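Q: Dropping the structure in here first, questions after.
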Amino acid sequence: MHTQDISIMINSLLENGQFLTMSRQQPDALKNRVNFSLANNTKVCIQGPGIISFTPQVPGDKAIILSCGIHGNETAPIEICEQYVSDILLGNIAVAHRVLFIFGNLPAMETGTRFIKENLNRLFSGAHANVQANANTYEVARAKELEESVAQFFNLGGAQETRYHYDLHTAIRPSKNEKFAVYPFLHGKAHSREQLSFLLACGIDTFLLSGSATTTFSYFSSHQFDAHAFTVELGKVQAFGQNDMTRFSQVQNTMKRFICGQAIEVKSFNNGDFSIYQVNQVINKSQNDFALDFADDLPNFSDFTAGTLLAHETGCEFRAQYDGEAVVFPNANVAIGQRAILTVVPTNIE
Ligand SMILES: O=C(O)CCC(=O)N[C@@H](CCC(=O)O)C(=O)O
Ligand SMILES: [Zn+2]
C-alpha cells in the first residue's frame with residue numbers, strides 16, 4: 001500500500017474505530033504490518049486483518065489476548081471485542097497492559113457459518129501442517145498466521161509479564177450452565193484458583209478440566225506459552241445483531257476493567273461457588289453414520305445414568321460410564337476423526 005493510502009486508513013480508524021469492518025471488507029489492505037500511535041501515546045500495531053495489538057506508554061505486568069470469531073457465527077464475543085477495539089481507537093478507554101485482539105475467521109463471519117472449509121479450532125499446535133498438502137484452505141493459512149501473531153505478541157514481553165489468553169466463543173446448543181469455560185490440559189501443573197475466581201467475577205461459574213492435549217487455540221497458548229488460557233463459552237450462538245447484550249454486561253465490564261488495569265472485586269476461591277467437571281470421555285466420530293441417541297436440542301450438561309446409550313456408529317456404541325455423566329458440545333455433524341461429544345463428571349479443584 002502507498003504511504004498516502006496508509007495514512008488515509010489510519011485516519012479513518014482514528015475517526016470511526018471500525019477495525020473489524022475494515023478487516024472484513026478490505027482484508028488485503030491490512031496484509032502488511034501498520035504501526036501508529038493514539039493521542040494518549042498508546043502504540044497500535046495492526047499485524048494483519050483482524051489482528052491488532054495495543055501497547056500503553058508504560059505497559060503493566062500483563063500480556064493479554066482476547067480472541068473471538070474463531071468460529072465465524074459466534075457473534076456475541078465478536079461484538080464485545082469489536083466494541084473494545086473501537087473504544088480504544090477512539091480514546092474512550094485506555095489499556096494499562098499490552099493487549100492483542102484477534103478476530104479469527106473473517107470469511108466465515110461473512111457467511112454466518114462456523115467455518116468455511118474446516119474447523120479453525122482444530123488446527124492449532126501445528127495441526128495445520130498435518131492437513132493434506134492439497135488442503136490449501138483459508139483456515140489452514142489462518143491457523144498458521146494466528147499462531148505466529150500469538151508467538152510474536154507473547155515473545156515481545158519480558159519475564160515480568162504474566163500471559164493470559166481468553167478465547168471467547170458461544171455454543172451451538174442451549175446449556176444448563178449458560179457460561180462456562182474449558183480449562184486446557186495442564187500436563188500436571190496446578191489449576192489457577194486466581195483465574196477461576198477472576199472468571200467467576202466475569203460471571204463464568206462452570207469449568208471443564210480437560211484431561212488431554214488438544215488442537216484448540218486456548219491449548220496452544222497454554223501449552224506453548226505457559227499462558228493462563230481458556231476457551232470461554234458465553235451463551236448460545238445468535239446471528240449478528242440478535243444478541244441480548246445485557247446477558248454479557250458482567251463479562252464485558254470485568255474484562256474491560258482487567259485490560260484497563262482497574263480494580264476488580266474478586267472473591268477468594270471456594271469450590272462451592274463453582275460447578276467444576278473433569279472430562280471423562282472424548283468421543284470422536286469415526287464413521288459417516290455416527291448418530292446421537294438423544295434429542296438435537298438437548299442442552300449441554302444434561303446428565304445420564306451409567307450405561308445409557310449416548311451415540312452410535314457402525315461397529316460401536318458409546319455409553320455413559322457413570323451416573324451423573326453429562327454431555328457437552330454433542331455434534332454429529334463434525335468431520336470424520338473429530339470430537340463429536342465430550343462427557344464430563346463432577347469434580348473439585350484440589
Ligand atoms: O457448541 C458447540 O458444539 C461448540 C462450541 C465451541 O466452539 N466450542 C469449542 C471448545 C474448544 C475447547 O474444547 O477448548 C470448540 O468446539 O472448538
Ligand atoms: Zn466456538
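Here the Cβ of each residue, glycine as well, is placed from N, Cα and C on the backbone.
Note that TrEMBL annotation is computational and uncurated.
Note that this is a predicted model, so its numbers are computed, not measured.
Annotations per TrEMBL:
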DOMAIN    62-259  domain 'Succinylglutamate desuccinylase/Aspartoacylase catalytic'
BINDING   HIS71, GLU74, HIS169  Zn(2+) binding site
ACT_SITE  GLU233  active site
DOMAIN    274-346  domain 'AstE/AspA barrel-sandwich hybrid'
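Please situate the listed features within the shown structure.
A: Here the Cβ of HIS71 (Zn(2+) binding site) has 24 other Cβ atoms within 10 Å, regardless of which shown protein chain they belong to.
GLU233 (active site) is surrounded by 26 other CB atoms, counting those within 10 A of its CB over all protein chains shown. Following the DSSP three-state reduction, the secondary structure of GLU233 (active site) is strand.
The average pLDDT for the domain 'AstE/AspA barrel-sandwich hybrid' (274-346) in the predicted structure is 98.
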Q: How many other Cβ atoms sit within 10 Å of the Cβ of GLU74 (Zn(2+) binding site)?
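A: That number is 26.
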Q: Near ligand 2, meaning Cβ under 6 Å from any of its atoms: which of the recorded positions HIS71, GLU74, HIS169, GLU233 fit that description?
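A: By the Cβ criterion, which requires under 6 Å to ligand 2, the hits are HIS71, GLU74, HIS169.
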Q: If you draw a 10 Å sphere around the Cβ of HIS169 (Zn(2+) binding site), how many other Cβ atoms fall inside it, taking every protein chain shown into account?
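A: I count 26 other Cβ atoms within 10 Å of it.
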Q: What Cα-Cα separation, expressed in whole Å, is found between GLU74 (Zn(2+) binding site) and GLU233 (active site)?
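A: About 10 Å separates the two Cα atoms.
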